[in-house]
Amino acid sequence: MPIIDKIAALQDDMTAWRRDIHAHPELGFEENRTADVVAAKLAGFGNITVHRGLAKTGVVGTLKGLGTGSGRAIGLRADMDALPMPEANDFDYASRHPGKMHACGHDGHTTMLLGAARYLAETRNFDGTVHFIFQPAEEGRGGGQKMIEDGLFTQFDCEEVYGLHNWPELEAGKIAVHPGPVMAAADQFEIIVTGHGAHAAMPHRGIDPVLVSAHIVTAAQSLISRGTDPADSAVVSITVVDAGTAYNVIPDGAVLRGTMRTFSEATRNRIEQQFSRMVSSIAEGFGAKAVFNFRPGYPATINTEPEARKAAAVATQIVGSDNVVWAPPPTMAAEDFGYMLQQRPGAYIWLGHGAHSGPGCRLHNPHYDFNDAILTTGASYWAKLVETLLPRSA
Ligand SMILES: [Zn+2]
Ligand SMILES: [Zn+2]
């Protein structure tokens, strides 16, 4: 596969960088060592201006190409954080931080973007500006959103922004590109039902919040099956039902919790509103009260089609057209790159990773380890993306 030669030559260096980051995992907004490593490397590559402090531990490296005419700029984003889980691997670069692990491959993502930065800083064979965005706290803490709030796109304006994630379900050497939704929005809700407690033998003296909750749980099943376009994907799961303490006591109240996952913003808003209305009217029908608390999580990660096509064309140059998977089904998992794609056009691709180290080589599994064999593929994709989107005129 046509990996860029100068990047192929970085295989050993990148492997060493990746394993060093793997051995020192840090959780969201605590990536101090990782950010130090990233900033020092970017500065050492030459020609890159390094900015620190967006979203606390974020790092942005800015590099201008040798061409001077275009005035254009793009952003490439990698995530740096690890997960709060113990590592089950016992190789010599396994986590040295108990209870923390790079089980999602962000060590590899950071390394691939560093590899591309090193190559591009040396060659600068493009016309315009590239911002290398190293974000903290992808795993549930919203570091991407925080970087935007802290001025990412006002300080480092980009016309387009690109991201990638390693994908163990996809063979190493392949790249998948979605022309629209890639990952779902994931929102939490909590429903607080207030009834009136009574003796189980005298239910007519009270208002039973358990019965109200049961009706809510049942009615919620229609939010998707009757309320959502069958061609659209969404899921509502009630995962906590909490009420009562005794066999013979009807409790005063009940609490339900769960998540909803959607791809389109219209469906997301509609389900939220319909669910809220349903909850209060069901409760009212029984003479009870219910409050629907919605806690928005990550938005859906939705590629813009023109940028997805550009990404796929670049992927084809690196892995060949037979190895580019166009428009596979999206996943209901969530990803905070969705915030960046709400601000700018762009594309988030899946980089084939394979289950190279065995059946436990799955994202968020304690046996996961990033596949170093794909470091040069990812770095070459980044480099080629820059040279293709910001071409130098002859
Ligand atoms: Zn993850
Ligand atoms: Zn991840």
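Placement of Cβ uses the backbone N, Cα and C atoms for every residue, glycine included.
Those TrEMBL annotations? Automatic predictions, nothing curated.
What you see is a predicted model, and the numbers here were worked out from it, not measured in a lab.
Going through Glu139, Glu190, Glu307 against TrEMBL, the one listed in the Mn(2+) site together with Cys104, His106, His165, His364 turns out to be Glu139. Excluding Cys104, His106, Glu139, His165, His364 themselves, the residues of that chain whose CB lies within 8 A of the CB mean position for the Mn(2+) site are, in sequence, Asp79, Asp81, Leu83, Ala103, Gly105, Glu138, Leu363. Classification of His106 (Mn(2+) binding site) by DSSP places it within a helix. For ligand 1, the nearby binding-site residues are Cys104, Glu139; that is, of Cys104, Glu139, His165, these have a C-beta under 6 Å from one of its atoms. His165 (Mn(2+) binding site): 25 other CB atoms within 10 A of its CB, across all protein chains.
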